[in-house]
Each structure stands twice: as C-alpha cells, then as structure tokens.
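Trainee: Dropping a structure here in structure tokens format, bear with me for questions.
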Amino acid sequence: MSVTSKVISFSQDLRERNVKVMLLAMIIAVATVATINAFADHLQRTLMTSASGFLAADRQLNSRTNAPIPEAWYAEAINQGLEVGRMVEFGTMVSNETQFQLVAIKAVDNAYPLRGELEWQANLDGDRETITSGPKPGEVWLNPRLMRLLELQPGDSLEVGATTLKVSGVIVREPDGGFRLSDLAPRVMMHIDDVAATEVIQPGSRVRHRGLFAGNSAALADFESWLEPQLTENYRWINVRQGETLGESLDKAEGFLLLGGSLAVLLAVVAIAVASRQYALSQRDRVALLKTMGLTGKRIRKLYISRLVVWGLISTLIGLMLAIPAAWLLASMTAQLMDQPLQFEVDFWQLWPAILTALVALFAFAYPPIDRLRNTPAMRVFRSLPSNDSSALAKDLLLAVVVIFGLLWVYVNDIVLVMALLGAVIALVVSLAIAGAGLIWILRRFPAGKGSWRLAVIALYRHRNATLSQMSVFAMTIMLAATLILVRSSLLADWQAQLPEDAPNHFLLNIAPESVDEVEAFFNQHQINRSPLYPIIRGRLTEINSQPAVEVALNKDDDELRRELNLTISDSYPDDNQVIAGQWFEADETKGLSIEQSLAESLGVEVGDELGFTVGAEKITATITSIRSVQWDSMRPNFFLIFPPKGAIDGLPSTSLTSFYLAEQDKQLLNDFVRQFPTISVLEIDHIIERIQQIIRQVTQAVEAILVMILLAAIAVMVAVVSATMSERQREGALLRTIGGQQRLLVRATMLEFALIGFLAGILGVLAAEIAVWALQYRMFDGEFRWHWPVVLSMPFISAVILAILGRWQLTPVLTVSPMLLLRRLE
Amino acid sequence: MSTDRQPNPSNDFMIEVQNLSHSVDLGTDSLTILQQVNLSIGKGESAAIVGRSGSGKTTLLGLLAGLDLPTSGTVHLDGHLISALSEDERASLRSRRVGFVFQSFQLLPTLSAIENVMLPIELAGLPDARSKAEGLLDRVGLAERMQHTPRQLSGGEQQRVAIARAFAVDPQVLFADEPTGNLDTRTGEAITELLMTLNREQGTTLVMVTHDQQLADRCQRHFVIEAGVLHEKQSDKQTVTAA
Ligand SMILES: Nc1ncnc2c1ncn2[C@@H]1O[C@H](COP(=O)(O)OP(=O)(O)O)[C@@H](O)[C@H]1O
Ligand SMILES: [Mg+2]
C-alpha cells in the first residue's frame, strides 16, 4: 500500500475519534432502520396470522347468495400453492325425537380450521380442550345451551333434516365465531359430507357457502389478482382487516412502526452530519500540510471521497449484519406472547431502505463538509484560521431539509407524517438559532457566579460553536425520543380505551318484556353491571319508496333484504358512531329513521328516502333522516337501523338486548343463568375480546421494544457527539489540572456545563416534540391534542442528568492519568 | 501587472518580490501586516529573516511560498508570477520545487518516520520513494528509528524527520519557519548544522525565519523585519533598505 493512501487509509481512519463516531452513527443508522423494517414486516405478518384465526383462514370467500363457490376457483387456489377449505352455513330444525329446536349449522370439511383453533369438551362437565379439526363424518357437536335444551349426552343421536348424526362433543368456541347479533340460533357443527343427506338444502332455502384460503402472502396475492376480475357482487373476498376485527388497531401499530423508523433515520442522519463536520474540522491541518506538499484540490477530494465510499460500504455491511439478529431477537420476544409463533425470515426488500439511508446519509450529510476540505487555506500550516463557511452551512441545511423530506417520503409515503416531522425539525432549528443567539448574548454579558458555576459558564462561552452544534443534536435527539414516547403513550391509552379490561364480553338477546325484571334481579344478586337495555324489534325491510325492495335496491341480492333485521329504538346513537349525512333525531321526531352507511349504499338510498318494513303482521314506514357510520369492530351493540322513541315502531312487540362483563372465573354463573332463563340467548364474545387484547399486548410489546431501541440509538448518538469534542476538552481539563485546578472543581464545572446544555436542549426538544405530536395526532392516530405535562416537565431534567453523566464520563481519563502524560498524549 | 506565466528570462532569482503589501480583513477594519516589501533571493542563496514575534515573518514566508496571495505587489517564485496562478497551479508548482520545515514539525502522527518522508515523494509521483527516504533518514541520523511514529520520537528527532521530508523531493527552495524554535539550544544547534549542511550539499535556496542570531549569521543574506517593514542587514552589520 502506498503511503499516500495510508495517509487517509481505513485503518488510520479508525484511530481517528471522529471517524469512529461517524462509523458508529452510520452503523446505528443502518442497523436501526433495517431492524425496524425487518421486524415491522415480521410483526405485520405475525399479527395477520394471529388475527387470521378470526377467519379460520388467511382469507375467506363468502357467497352472498345460495350459489356455491365455483370448483374452478378452488382448483386454481390449490394450483397456486394455497390450502383451501370448504364451509356451508344454514339454519334448520334439529330434534332429539321429542323436542325440536331451530339451530345455526356450520358444516366444515377436514381442512377446517386452516388457522386458529376450536375449543371443545367431550361432555358438558368435561374440560375445555383446544383442537384443530372439526367433527368427523356422521358426528355432530352442539353448543352447551343446545345440549341442555335438548337434554342430550355424548353418544345420543340428533336428527338433522333427513339424517341422524351421533353427538360426539360440545363445541364451546369456534375461531371464526365472529360477532353477529343477528345469529340468534344455537350453533351446531357437523361435517360437510353429511350435508347432502340432510336434504335441507333446497332451492330457495338460505344457505351460505364460505371458501377458506391460507398460504404465504405472495401466493395469496397472486391468487387474489387472478380472482379479482371474476368476482361478482355475489361474492365477498375478505381478509382480516376487512373482517369484523381490528383493522384499525393494526393500522395504528403500523403507523407507529413507520414513525419509529423515520425517527431512526432522522437520528442517524443528524449524528452523521455532526460527526462528518467534526471529522472535516479535524482534518483541516492535514489538508493544509498536504497542500504545502503540492497536492491539488482535486486530488484531495479524490482521496477523501474514496474513504467515504469505503466507510459507507463497511458500516452498511456491519449495520445489516447487526440488524438481522436484532430483528430476530425482537421477533422472538413477541413470539413468547403467541400461541403459534411465525417463522422469522428476512429478505432483501426489507433491507433496502437501510441501504438507501446509508447512501443518502453519506452523500447528503457526510460528503459536503468533507468536500469543502479542499478549500482549506494552505496558510493553516502556520496558524489556525477561522473558516468562513456560514454560507456553506445554509446550503447544507437546505440540502438536508430537501433530502430528509425525500428520504422520509420514500420511506413512509405519508405526507402528514413527513410534514409533521419536518415542521417540527424546522421549528426546532429556528428556535435553536434564536435560543443559541440569546444564550451567547447572556453568557457574554453575565459570566457571573463563583467557583464551578463560573467555570461552567466560561466554558460554555468559550466552546460556543461546539456548544451550539452539540445542543442542536441533543435537542433533535430529545425531540425524536420525546415524540416517540408521547405517541406511544397516546397509542396505548387509545387502545386501552377502545377495549378496556372490563369491556362487555357477553351479550344477552331475546329478553322477553316479562323477564326483564327477573333478569334485573339476577344481575343485582350477582353484582354484575350491565349496559342499558336496547329494545329489539325483528322486522323485514320490504319497500323502498313504496316499491318492493328486492326489485329496486341497488344490490338486489343483499342478505339484509332476505332476513329479519334487528330494529331498535333509541334517542341517542352509540358514542363511536358518526352521523355522516342528514341530522340526528329532533326531540319530537316521529317519522324518522337512522340507517347504517354500508346498508344505505347497498340499497342505494339517501336521506329523504322512505323505507317500508314488515313487523309481524304490521307494515310500517319511516323516512331516512340520517346515515351513520358504525364501528363494527368496537365489540359493542351496533344496529343497522335506529328509530326514534316516538317513531314508527314504538309500541310494537319487542324483546331486549344487553351486554355485560363476566370474568373467566365467574363463567359458571352462565350455567345458572341459562337454567333460569332457557329462552334468553347468551352470546359469548369473551374469546374474541381476549384475542384482540392479546394482539394489542403483542403490538404494545413491539412498540415498547422499538421505543427502547430508538432510545438506545438516541443515547448512542449523544455519546458519539460528546466524544467528538472529547480530546479538546480533555486537553483543557489536563491544562486546568496542571495549573492547579482541583479535581472536584473540574468535575463539578464540567458536569454543570453539560447539564446546562442538556437542560436547554431538553426544553427545546420536548417543545418541538409537542409540535410533531400535535400534527401527527390528527391524522395518524386521531386523538386530541393536550399538553403532556409529565413528559414536558421531566424531559429537560432527564436530559440534563444524562448529559451530566456523559460529561463526567468523558472527563475520566483526565482525572485518572497524570496531567503531564495527558498533555503529551493529546499533543 | 504582468500576467506572464513563462519564467521571467531576465533574472536568475529564485524569489523576487516587488512592492508587496499584505493586510487582513478583520470585519470592521483591516490590519496591515506587511508594507512595501521588496526583496530578491538568488538561486542557491541562503537567507535569514529575523524579527520580533508578531512582526510578520510567517506571513511573508507563506506569501513567498505561494501559500497565500498578497493584497498588492508581486511575487515571482522560480520565475512564475504566483498571483497569476490558481490555487491548484500554485500547489503543482510547489510539488517538486518547494520544501518546508515548521516550528511545530507538522509530522503526520499516524505515519511512521519513513512514511512521513516518503509522502511528498509519492505525492510528486517520483520513483523509489522508500530507498530515497531510507537514505535521507540515514543522513539525518535516524536509521534506527525509521519505523517509529512521531509520538515515539523526541522533539529534535521529529525535526530531523521533518528535515528529511523537506529534502525528499530535492526541492529548489526550502522554507523554514523558526525550525529551532521548539528545541533546546544544544538540539537547536545540531538541527541548524544539519539544515545548513544539507542545504549546501543539495545547492538548495534556503529562506529561513528565525530569531536565533547565530543561525541568522550563518546565512548569506540577512533580513530584518520590523512592524511589517523589511530591511536587509549587510554582512558588515550595517542596515540598509533592501534593493
Ligand atoms: N489571518 C490573519 N488574521 C488576523 N491577524 C493575522 C492574520 N495573519 C497574521 N495576523 C497578524 O499579523 C501579525 C503578524 O503575524 P505573523 O506573520 O505570524 O508574525 P510572526 O511570524 O513574525 O510572529 C500578527 O500580529 C498576527 O496576529
Ligand atoms: Mg511566526
């Protein structure tokens, strides 16, 4: 190797503190971005899989009419490498030879369930077992209420239509049980091969076919794009997100991960920019010397750029190598919460944002100051000259803003997030400039005080340039960390509020007016809180503007036209609904009606249209006065149609619905309840709620893990930045000691100096974070803005403490080694 | 002002300065460091510039070497008008003609002694860097210390390495800024001896800033600078304004 290349060779570079800092920053940048990306991807797949239990598959294809799902579609799915399963649902009467009962039958094949599992008991008193297959041909499972109603034991026979099946177990839970208040009949599960023998499926009877599909996401996507063009409105292709589950929670979790990733990018970029500037400053003497030896600017540039490329390559590689085990670690952490953890895998596409980050960071942030090195005056060999690069700094800053914008845009592709972060960064830079100028003004005028305080203030003023740039980095770091902490808190609070621990997890339906008091008494006796009673009137939607609904509706095959709907009466709408057209009922409304958005769209009706219903023998009409959006995944009672208290259905025969929370250990109360009120249906959704809470816990863990990672990265950046000016400070410390400064004074002054920087940076950073959170809150995580006093008040102190510790740390060698040795070493 | 880039055929001077003045901008007002300096130094001559600290010696040296451009007046280095050259052209001009010795040695701390000497040879694109550097280090008495880094060497040893480095490209002119300023008297004398000997052997033009009277006396020419004004002191110790 020639000496020339050794002057700025990689191994030489590594002895340079600033190079180490820059490399470290790069490695942290690449590793964090890559880790978050790989982990976010893994988490998303895990959550999708975990939530797929709700569909018993990754995707479901549901028929909205009697038509079965074409066999060719299944064939193509298998061809594409997917697993498939078939399922049929219908209502019919079953009997134990003496009693008849209307039931909801689900007939499944051997593949069921492709995802998730069933809970099953061998008999009514048996233990709950978790199994992953449905009943065998010739067998049938009943839900507990039906077992009691029909007084059946395992081994007994059950007549289903024209065939007789053997009762072989109790079905307690099915993964795709869903949350349908309209399915009132008790569940019976049988094998799909026995369906034909029942002879209950006749033309005109209400049968719904469901296709189940599972496989890797690529195969699913392929099949989806093949299937899409052939789907008529008679079929609905559902993934977990469109299902009645937790699409929104997943969206928010993803938003958070993206935010975390963007913050990591910003953090890294800041660290790289600072380190590169420090490096360039430290190289000026060397460049000046090379110039006296006749090296031209062009050759100087070449020399340094080639180093930059080598650094970039090496740190990117190391970063990626660190990211993979880190993401794996995070993945296995969340896996502990999962019943069936997903295999962790990484592919290149998860890594490229990290590589892009490295490239951009190098060339937009590390390059400019290094490129300017060649303008170093050769006279510097004789004396240090002030560099007049303030115009260059402005140019760098502009470039930085544009590049950060572009990078975030590529990375998150969300204008609100990008603008929010950018706005906060700009606000921060402006306030930093103002605060910095103010600070220097104050320091110059009042270097007052005594002892360590005075020493600290003088040091601040003497290092004002370094102080300002360090303070900028700290403030930025604190802003990013605080943003993440704040968003995390509001996210978790949001989830908590959406589904509190004691969210109602059981519903009672079919409460007859005469049993209301008794039910009330039962609840009081056992001290269970229930929600208000909603009256339910069952009615069919028959007319739209006096025309038969089945003929004039936009979607004539809509299921809701073919079954009885739950109509309710209320003077208010559930909190999570929103009126999106028309007006909610006036106090004395009599003719009005409020309809749910998707039903209105399917029917093709608007505010002002008149709907006709048949309730028992009566016909009633009402005019649409409002259209509501409904959060079907809220796990609370929700209705397609709401009438006003003095409206069209007032006084018609009704039953009531209510919901309540029952803890796992109190579940046997249900048996007492069912015995006492055999006609009241109990809908257990505790398992769905549990599942969602489990997923939220998982996401919460992930969010915490990312937060910790970002905070670690932030501290690493701070350490890096402090150590960038370490040798100069150590020399000063050594000097101070040589001239007789006491160790205690030195330690106190240094810690005080850093604490002051930390405190100021903390204030600015946390205020900028509030701006960012304020902007983010609206779109991404839609909550309301409020001041986060605990964070706002504690952050400046926390950052002061961290920096004081860092200041103490960088002083250590000065305190342990003799000043003479130090001065020599630091020469 | 002449923009002639060709060597000026009319003289044999290595360095020729006419009416040079230099001032620096200090924001509000400007500070004049050098005033109306005229001097010429012939090829192979040795010249000492003596003056109090802050009188402008280093500034003048930098201007003579083309590290900076004067505010007014002209500098010809080996016949080239340096103010007509770009920064890179001046750098190229220096690469094989000019050597430097500094008060603070200015060795690269991460390179060994021999590598420090090899550096300018390689930068100038000259062959046999290693053997040449070995020869020079041997010449300055550091044959045994070639692999040591500056930190492992004493001040005097470091300055020897710096002198070896300065002569590495066989420069036509050597600029030395207080080469003994950081050394004790005995070591300083040894360094002076070495510098003068090598200079004589190589036939190099030497421009040396010093406030060591003895060292100055050993040079053929002797300039005194006072508050930015330059005089030549004749060898008969009579001061006259330089021609
Ligand atoms: N770029 C500059 N900016 C401000 N003052 C300068 C600059 N260059 C030189 N000076 C001042 O000019 C004077 C002469 O400096 P210098 O040439 O280093 O003197 P010497 O080498 O004789 O000690 C000093 O007072 C120095 O502070
Ligand atoms: Mg000087």
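A Cβ is built for glycine as well, from the same backbone N, Cα and C atoms used for every other residue.
Copied straight from TrEMBL:
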- A:22-199: domain 'MacB-like periplasmic core' (DOMAIN)
- A:262-377: domain 'ABC3 transporter permease C-terminal' (DOMAIN)
- A:706-806: domain 'ABC3 transporter permease C-terminal' (DOMAIN)
- A:21-40: transmembrane segment (TRANSMEM)
- A:256-276: transmembrane segment (TRANSMEM)
- A:308-331: transmembrane segment (TRANSMEM)
- A:351-370: transmembrane segment (TRANSMEM)
- A:391-412: transmembrane segment (TRANSMEM)
- A:418-444: transmembrane segment (TRANSMEM)
- A:465-487: transmembrane segment (TRANSMEM)
- A:705-724: transmembrane segment (TRANSMEM)
- A:745-775: transmembrane segment (TRANSMEM)
- A:787-806: transmembrane segment (TRANSMEM)
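Structural setting of the listed features?
Mentor: For the domain 'ABC3 transporter permease C-terminal' (A:262-377), the number of residues in each DSSP class (helix H, G, I; strand E, B; coil) is 98 helix, 0 strand, 18 coil.
Regional average pLDDT for the domain 'ABC3 transporter permease C-terminal' (A:706-806) in the model is 80.
Listed as Cβ neighbours of the transmembrane segment (A:21-40) (distance under 8 Å, sequence separation of 6 or more from its ends, same chain) are residues 14, 254, 257-258, 260-261, 264-265, 267-269, 271-272, 274-276, 278-279, 311-312, 314-316, 318-320, 322-324, 326-327, 330-331, 346, 350-351, 353-355, 357-358, 361-362, 366, 702, 705-706, 709-710, 713, 716-717, 720-721, 723-724.
Panel annotation: around the transmembrane segment (A:465-487), residues 256, 259-260, 263, 266-267, 270-271, 274, 277, 421, 424-425, 428-429, 432, 436, 439-440, 706-707, 710-711, 714, 717-718, 721-722, 725, 728, 757-758, 760-762, 764-766, 768-770, 772-773, 776, 781, 788, 791, 795, 799, 803 of the same chain, lying at least six beyond its termini, place a Cβ under 8 Å from a Cβ of the stretch.
Counting residues 6+ beyond its ends, the transmembrane segment (A:705-724) has Cβ neighbours under 8 Å at 17-18, 21, 24-25, 28, 32, 35-36, 39, 256-257, 260, 263-264, 267-268, 270-271, 274-275, 278, 326, 330, 333-334, 470, 473-474, 477-478, 480-481, 484-485, 488, 754, 802-803, 806-807, 809-810 in the same chain.
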Trainee: Counting only residues 6 or more past its boundaries, what in the same chain has a CB within less than 8 Å of a CB in the transmembrane segment (A:391-412)?
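Mentor: That would be 258-259, 261-262, 265-266, 269, 273, 353, 356-357, 360, 364-365, 368-369, 372, 418, 421-422, 425-426, 429.
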Trainee: Is the count of Cβ pairs under 8 Å between the transmembrane segment (A:418-444) and the transmembrane segment (A:787-806), pairs 6 or more apart in sequence, 3 or more?
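Mentor: With fewer than 3 qualifying Cβ pairs, these stretches do not touch.
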Trainee: Let's see if you can do this one: DSSP helix, strand and coil counts over the domain 'ABC3 transporter permease C-terminal' (A:706-806), in that order.
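Mentor: Within the domain 'ABC3 transporter permease C-terminal' (A:706-806) the tally stands at 87 helix, 0 strand, 14 coil.
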